[in-house]
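Engineer: I have a structure I would like to understand better, so I am pasting it below and will then ask my questions one at a time.
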Amino acid sequence: MKVYYDKDADLSLIKGKQITIVGYGSQGHAHAQNLKDSGCKVTVGLRKSGASWKKAEAAGLDVREVAEAVSNADIVMILLPDENIPGVYYNDVEPNIKQGATLAFAHGFNVHYNQVVPRDDLDVIMVAPKGPGHTVRSEYLKGGGVPSLIAVHQDRSGKAKDIALSYAAANGGTKGGVIETNFREETETDLFGEQAVLCGGAVELVKMGFETLTEAGYAPEMAYFECLHELKLIVDLMYEGGIANMNYSISNNAEYGEYVTGPEVINEQSREAMRAALKRIQTGEYAKMFIQEGRTNYPSMTARRRLNAAHPIEQVGGQLRDMMPWIKKNKLVDQSKN
């Protein structure tokens with residue numbers, strides 16, 4: 001697999017173009033500020049009534065309504081929640097984007113599942129940093145960058161890949177390394193990872209472990225520490241150096257228990273469930289479910305969110321985290337502000 005770095009990208013390609021970033025959330029604020037600091041001409045497209053307008057202005061960015069911002073752009077990067085992109089694209093972007101411009105995304109969901117069918121005259125690319133927006137920005141400010149993916153869906157100009165690399169470089173990505181993929185692969189692997197491992201799998205594993213201990217009469221506080229709190233310590237070791245690095249760092253007792261019990265808990269039945277989840281993603285069945293859920297204002301997701309919030313692990317966790325002020329001091333998300 002080829003990895004692209006600074007030497008492989010021509011930053012001048014993007015410096016000569018007008019770029020519009022639609023959205024100013026986690027990724028939007030990072031892309032807009034990084035590209036501006038790289039010497040690019042950047043406009044942010046937002047709703048004037050939105051809370052992000054003043055934040056973008058305070059950062060010294062040119063901010064306009066989406067339709068106006070798009071009309072002057074050579075490159076339009078849409079950085080909105082998946083469910084909001086089709087409406088904004090068809091109402092504000094497609095009627096106003098210039099002939100032969102470049103349309104860019106940071107996730108392939110809407111293009112891959114045909115919720116957005118870009119005009120035939122456009123270059124369509126993806127530039128997807130593999131990290132949250134605050135990390136994309138902070139690494140850039142340190143002189144580094146977050147590894148990124150690029151992909152080309154339509155190449156009408158013959159230069160779409162070069163433009164994607166140039167954009168990634170301006171965003172700091174070629175400092176960390178850029179890997180080429182395609183919209184299908186990025187979308188399907190991203191959804192699978194979220195559903196089977198990172199969000200769905202991890203959350204259910206933590207809750208089930210907590211419930212098993214408390215149902216057996218153990219203190220909820222002990223169950224929280226053993227099944228949720230310490231998970232970060234293990235994940236950090238894997239994140240830093242892989243599974244072998246984690247096993248090197250833990251006790252022999254913990255490692256032996258991993259080998260004996262891990263395959264009993266996460267077993268062939270789990271693998272079959274993962275394969276079924278992947279099949280739903282590959283066939284578009286999951287996408288249809290998510291789109292229909294959105295059209296009915298997310299009744300199932302809202303109900304499950306309430307159930308999760310009411311789970312005993314949330315109550316005991318809140319009490320225990322109050323005993324650890326360093327957690328609040330270093331919070332990644334402050335729900336009172338964002």
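The backbone N, Cα and C atoms fix where each Cβ goes, and this holds for glycine too.
Pulled these features from Swiss-Prot for this protein:
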- Tyr24, Gly25, Ser26, Gln27, Arg47, Ser52, Gly133: NADP(+) binding site (BINDING)
- His107: active site (ACT_SITE)
- Asp190, Glu194: Mg(2+) 1 binding site (BINDING)
- Ser251: substrate binding site (BINDING)
Engineer: C-alpha of Asp190 (Mg(2+) 1 binding site) to C-alpha of Gly25 (NADP(+) binding site): distance in Å?
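Structural biologist: Between the Cα atoms of Asp190 (Mg(2+) 1 binding site) and Gly25 (NADP(+) binding site), the distance comes to 19 Å.
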Engineer: Cα distance, Glu194 (Mg(2+) 1 binding site) to Gln27 (NADP(+) binding site), nearest Å?
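Structural biologist: It is 18 Å, counting Cα to Cα.
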Engineer: On a count of neighbouring CB atoms within 10 A, which of the binding-site residues Asp190, Glu194 is highest?
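Structural biologist: Per the Cβ count, the most surrounded site is Asp190.
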Engineer: Looking only at DSSP and grouping its letters into three states, which state does Tyr24 (NADP(+) binding site) belong to?
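Structural biologist: For Tyr24 (NADP(+) binding site) - judged by DSSP and reduced to three states - the answer is coil.
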Engineer: May I ask which residues of the same chain, at least 6 positions away in sequence, place their Cβ under 8 angstroms from the Cβ of Arg47 (NADP(+) binding site)?
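Structural biologist: Set apart from Arg47 (NADP(+) binding site) by at least 6 residues yet with Cβ under 8 Å, we have Trp53, Glu65, Val66.
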Engineer: Distance check, please: Cα of Gly25 (NADP(+) binding site) against Cα of the residue listed as 'active site', rounded to an integer number of angstrom.
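Structural biologist: Gly25 (NADP(+) binding site) to the residue listed as 'active site', Cα-Cα distance: 14 Å.
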Engineer: Let me make sure I understand the structure: which of the binding-site residues listed (Gly25, Gly133) has the fewest other Cβ atoms within 10 A of its Cβ?
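Structural biologist: It is Gly25 that, of the binding-site residues Gly25, Gly133, has the fewest other Cβ atoms within 10 Å.
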Engineer: Among the binding-site residues Ser26, Gln27, Ser52, Ser251, whose Cβ has the fewest other Cβ atoms within 10 Å?
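Structural biologist: It is Ser251 that, of the binding-site residues Ser26, Gln27, Ser52, Ser251, has the fewest other Cβ atoms within 10 Å.
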Engineer: Show which residues of the chain containing the residue listed as 'active site', separated from it by at least 6 in sequence, have their CB under 8 Å from its CB.
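Structural biologist: Non-local contacts for the residue listed as 'active site': Asp82, Met126, Ala128, Glu186, Thr187, Asp190.
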Engineer: What's the CA-CA gap between Tyr24 (NADP(+) binding site) and Glu194 (Mg(2+) 1 binding site) in angstrom, rounded?
Structural biologist: 23
Engineer: Taking only the residues the record lists as binding NADP(+), namely Tyr24, Gly25, Ser26, Gln27, Arg47, Ser52, Gly133, what is the largest Cα to Cα distance between any two of them, in Å to the nearest whole number?
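Structural biologist: 20 Å is the greatest Cα spacing among the residues binding NADP(+).
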Engineer: Roughly how many Å separate the Cα of Ser26 (NADP(+) binding site) from that of Glu194 (Mg(2+) 1 binding site), to the nearest whole number?
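Structural biologist: Distance (Cα to Cα, whole Å): 18 Å.
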Engineer: Among all protein chains shown, how many Cβ atoms are found within 10 Å of the Cβ of Tyr24 (NADP(+) binding site), not counting that one?
Structural biologist: 27
Engineer: Reported as an integer number of Å, what is the Cα distance between Ser52 (NADP(+) binding site) and Ser251 (substrate binding site)?
Structural biologist: 48
